[in-house]
């Protein structure tokens, strides 16, 4: 992402990010643009291998993130405003794959900067901007999830498309503030002295910028993400550990301000419908007589890390007038509850059973302890699954980016980092752009269904 490495002798720098040292480089002569002989750092076989691997990375990144964007705009289940975060994140990753990685690859295999000074400045700015934006997006998504859980009614009524777009604009502004000023306003260090024979493309290498940009682009967002996700996990764990035997009668919470209508969503919670008709997050009901504490029966509490939850429910997908008899719905709900497997979503209850956690509280409720026990086992499985997803999200993010930013900061304070190791970390960070669609969508049923619909249109009736 950033184009600075250890300060080897400047006459040995053929380019800005991956400068070979004088002892280990193997160079092959090639014909340069001006007719002279230029040095290339790799043999033909290694060059072809690198081009194929990075080309595959580019294709996977573009394909996966384009699928995410199409799914959000075409699937009814993904119309929730918070899914705009994923659209913006996917757009940033696509831009990294199309406007940054190809030029980084050319810079690497050619051994010098071929594309001129003007594009060098643009390329450096876009490189830092897009990669920083991708990281800050993940931080914004984690904060959005945290607020939607801790301030369920208030925040979810305010979570409008306009507000989400404003947050997205803020993310891009923060990324630009980190990226652009040093490239435009400050003179690059080491500008004097003998100029190298090969054109280079270098970013600001002043110590203050390396440290501050590393903190702003990675360490601060990463710390926020970890703290927020730990808090989300603690909340979800506390809610899912309330057993059915200790739960009091569920009472319907008072209608939220603003005249929002409430609909049962089949999860033991109720979904608020805002003035614009957009569905908000499930509104909490009372647990053990404590108003405002969300009921622990809903899988959305346990699955707090499913970043973009479904905005539809089973009853909403049926056409009007297609309601089944209550008895049949109740039987189907019980049958599905008894078939919960580890990692599966909990069964959704019939519309008439929403908000009824105990026997005798409503006509559409589920009676008997068997269904409750099944739901409780399902919640335990969801907690395990939640732990796994949490580990994947934080682990992959840190694994991809921490090595690069750590070694990048070490070089600023004068520590020696092997050139090959730094190059590996540099390219490994780019892999996060291709992994984001997997991490943030494959664990969500609505995205899986949308992907199947996009890729297998001939099977549309079965999927929808």
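The backbone N, Cα and C atoms fix where each Cβ goes, glycine too.
Residues 28, 432 are shown; Swiss-Prot lists N-linked glycosylation site for one of them, 28. Per Swiss-Prot, the topological domain holding residue 45 carries a different name from the one holding residue 160, which places them across the membrane from each other.
Remark: of the recorded positions 120, 201, 456, the most isolated position is 456 (fewest other Cβ atoms within 10 Å of its Cβ).
Counting residues of the topological domain 'Cytoplasmic' (74-84) by DSSP class, helix then strand then coil, yields 8 helix, 0 strand, 3 coil. Counted within 10 Å of its Cβ, the other Cβ atoms near residue 127 (site 'Implicated in ligand binding') come to 25, all protein chains included. Under the DSSP three-state reduction, residue 456 (S-palmitoyl cysteine) is assigned to coil, being neither helix nor strand.
Across the fold, the C-alpha of residue 127 (site 'Implicated in ligand binding') and the C-alpha of residue 456 (S-palmitoyl cysteine) stand 35 Å from each other. Under DSSP, residues within the topological domain 'Extracellular' (414-423) fall into helix, strand and coil as 5 helix, 0 strand, 5 coil. For the pair residue 456 (S-palmitoyl cysteine) and residue 120 (disulfide bond), the C-alpha distance works out to 42 angstrom.
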